[in-house]
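A.B. asks: Below are the features listed in TrEMBL for this protein:
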type	residues	note
ACT_SITE	CYS103	active site, glycyl thioester intermediate
DOMAIN	18-165	domain 'UBC core'
Amino acid sequence: MAEQQKLTVAPRKADTQSVVKRLQSELMTLMMSPTPGISAFPDADGNLLHWTATIVGPKDTPYADLNLKLSFEFPGNYPYAAPTVLFKTPIYHPNIDFSGRICLDILKDKWSAVYNVQTVLLSLQSLLGEPNNASPLNNEAAQLHQNDPEEYQRKVLARHQDIDE
């Protein structure tokens, strides 16, 4: 029995080490080749599995120049499973609920190990400008986005609150 326990513990440690290496690599890429409008760093507590990210709303959208904070929580089998990503900044959007949960296929069934923090952030930035009204988490926002863009813009700005670092 003790022999079996040793066999099950070792792969977990190896998996954790590979996750840490992958995340360190992603962090270096983000730092060395910054992409305008997105950033992400591990939380101040030093836990590499918990990150805070920022997206700047894309130009020519209701979110233009808004700073939006998100949290990333990486599973022990990352990148083979998607991170849990939540908006921390209050946001009004068809594909994001009031708890910050996101409806985006690459964070669910379309996840692939080739994706990384940067691709997730770029996809979310794109989603801000091009919501998927066919599968909304916020039905009211989807209706307004489609039928009353001015009211939608008003609600976006009313809901947004900058979250301090």
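Yeah, the Cβs are placed from backbone N, Cα and C, and that goes for glycine too.
Automatic prediction, not curation, is the source of TrEMBL annotations.
Given the structure is predicted, the values throughout are model-derived calculations rather than measurements.
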A.B. asks: Could you please provide the mean pLDDT value for the domain 'UBC core' (18-165)?
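C.D. replies: 95, rounded to a whole number.
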A.B. asks: Quick check on the domain 'UBC core' (18-165): DSSP residue counts for helix, strand, coil, in that order please.
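C.D. replies: Summed by class, the stretch gives 51 helix, 27 strand, 70 coil.
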